[in-house]
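Novice: Swiss-Prot feature annotations, pasted as is:
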- T266, S267, G268, T269, T270, G271, S272, P273, K274, D496, R511, K602: ATP binding site (BINDING)
- K182: N6-acetyllysine (MOD_RES)
- K185: N6-succinyllysine (MOD_RES)
- K185: N6-acetyllysine (MOD_RES)
- K343: N6-acetyllysine (MOD_RES)
- K401: N6-acetyllysine (MOD_RES)
- K481: N6-succinyllysine (MOD_RES)
- K513: N6-acetyllysine (MOD_RES)
- K547: N6-succinyllysine (MOD_RES)
- K547: N6-acetyllysine (MOD_RES)
- K573: N6-acetyllysine (MOD_RES)
- K573: N6-succinyllysine (MOD_RES)
- K602: N6-succinyllysine (MOD_RES)
- 1-44: transit peptide (TRANSIT)
Amino acid sequence: MRATAAYVGMLRLGRMCAGSPGVLGARAALSRSWQEARLQAVRFLSSREVDRMVPLPVGGLSYVQGCTKNHLLSKTVGRCLEATAQRVPEREALVDLHENIRLTFAQLKEEVDKAASGLLSIGLCKGDRLGMWGPNSYAWVLIQLATAQAGIILVSVNPAYQATELEYVLKKVGCKALVFPKQFKTQQYYNILKQICPEVENAQPGALKSQRLPDLTTVISVDAPLPGTLLLDEVLAAGSTQQHLEQLQHIQQFLSCHDPINIQFTSGTTGSPKGATLSHYNIVNNSSILGERLKLHEKTPEQLRMILPSPLYHCLGSVGGTMMCLMYGATLILASPVFNGKKALEAISRERGSFLYGTPTMFVDILNQPDFSSYDISTMRGGVIAGSPAPPELIRAIINKINMKDLVVAYGTTENSPVTFANFPEDTVEQKAESVGRIMPHTEARIMNMEAGMLAELNTPGELCIRGYCVMLGYWGEPQKTGEAVDQDKWYRTGDIATMNEQGFCKIVGRSKDMIIRGGENIYPAELEDFFHTHPKVQEVQVVGVKDDRMGEEICACIRLKDGEETTAEEMKAFCKGKISHFKIPRYIVFVTNYPLTTSGKIQKFKLREQMERHLNL
């Protein structure tokens, strides 16, 4: 057996340690001889050994590369759906309990073809952007797959967005079409759109001309006839003609797996959302690799029934949920339009669910249901918990009380399609409770000591960086911000502070920026601070995250009023309603007269956070 220097990226690591200015900078160059010596002490392994083993860090340094035993897939989403529909045509593909819809893979493929053909028939073309704005539903899954089938780029729009937030994302990517339900609960989608696009009421369907949204020409209503809109059923009917189905088949011949397929918005430190753009290649392979980590290929059809309470506009829901089910012929079960702990338990019991996806907050709510013990959860086997840090006691409760012995703790970012680290199902409870698992196949990770400018020692905190097939194409229309996030050697800087141990387990210990993760939602203080500064009584405001047993973190706005002004926390919360998403409204509003400062006058947010937690008795 020929020896090789392929041991988990050793040659790449050697080049990194050589001090390329584009990678580690000048300080790394000074450490070249030291790091090379560390590498020389590592035994070379054969290619077969590399593929058979669990990847380990190299040379006592925080660098690891996932195995490459299985080839990456060069398929579009449409080709994957076609393959699964041919392989298991009569297996249940989708169950929407709220709408009482059930489809087999053959039926889903037929509906997706009609929807994709229909979108082309109303004038949308390959590369056009279409926004999907609404809660979890059959229509969401249909549009997700239909846009991919037609080469149209899906823009995932947060269903809680208000008018200004909606306007920003639609203009940012030049959305040509927007799909939404008339309303859900108190969210009046059509009325919100009219605030920024009043022309829709008098427009001919498909021929909208908007002053503030010049790219938007087509508005599609999912469930009700509305002025200026097309009904989704009308789009499907238009796509049923042989002419348009043939047009779809023609277009599919020219789709590439490297074409963009999805834009997901993720906020930046300035508070302005950035459109992370993902390709078929990103999404197909991430869902395939995650399913492999979950060992879905070993499951029987009865064990392939996934309950998905996670939102589809999030990457975990659309990739780890919809796409992974599609890749492995698993049944996707939508328990409710938005998360509801009771509905999730009802879905598990009624549908004989075996896998469950969710954030820590969702699992806390499920476990805290007063009638939890009355549900039959005997069919549960495993699932994924991700989105924000989960305390060890919660991991143990999920495994023991929800019967999820094969639970996997996963970590990722939207920019990485999303999952880059995850446990193996057979990992111990302690390993799952104390880490986010080990590196995924075809993915590299390194932890950088930012002060020294080189790779961190094992068990030493530093910034986590990722490289591989999973890294996004870029931020839509923002090459400068893309360059700040992804360096010339294709390393993506996550902004998360992490450690790696000798076994390759990664632990997220903090964030290099002040992002708040509330129940799986990423919230950036700068965005809220800018918003509160529009209040006439506010002189200054600082927003921090404070600990919360249920949500992980809650938002605390520390407000300094202008001289002579008075107000209340209730007034401030009322000021937020209808202007920012409900999940961004601070739970705590504290009025202060000053902030903790450094000697140079900079606000010390970590000290402010500590002060607020003491003040609030958290």
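Just so you know, glycine gets a Cβ as well, placed from its N, Cα and C.
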Novice: Say we define neighbours as other CB atoms within 10 Å of the CB. Which of the modified residues K182, K343, K513 has the fewest?
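Specialist: Among the modified residues K182, K343, K513, the lowest count of other Cβ atoms within 10 Å belongs to K513.
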Novice: Are there any residues in the same chain, six or more apart in sequence, whose C-beta is under 8 angstroms from the C-beta of K573 (N6-acetyllysine), and if so which?
Specialist: I585, P586, I589
Novice: Of all the modified residues here, K185, K401, K481, K547, which one's CB has the most other CB atoms within 10 A?
Specialist: K481
Novice: For K401 (N6-acetyllysine), which of the listed binding-site residues (T266, S272, K274) have their CA atom within 10 A of its CA?
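Specialist: Within 10 Å Cα-Cα: none.
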Novice: Cα within 10 Å of K274 (ATP binding site) is the criterion; apply it to the modified residues K185, K343, K513 and give the hits in sequence order.
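Specialist: Cα within 10 Å of K274 (ATP binding site): none.
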Novice: So if I draw a 10 Å sphere around the Cβ of T266 (ATP binding site), how many other Cβ atoms end up inside it?
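Specialist: Here the count is 17.
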Novice: Of all the modified residues given, namely K182, K185, K343, K513, K547, which is spatially nearest to S272 (ATP binding site) at the Cα level?
Specialist: K513
Novice: Counting every protein chain present, what is the number of Cβ atoms, excluding its own, within 10 Å of the Cβ of K274 (ATP binding site)?
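Specialist: Here the count is 24.
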Novice: I'm trying to understand the geometry here, so how far is the Cα atom of K547 (N6-succinyllysine) from the Cα atom of K513 (N6-acetyllysine), in Å to the nearest whole number?
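Specialist: Between the alpha carbons of K547 (N6-succinyllysine) and K513 (N6-acetyllysine) there are 16 Å.
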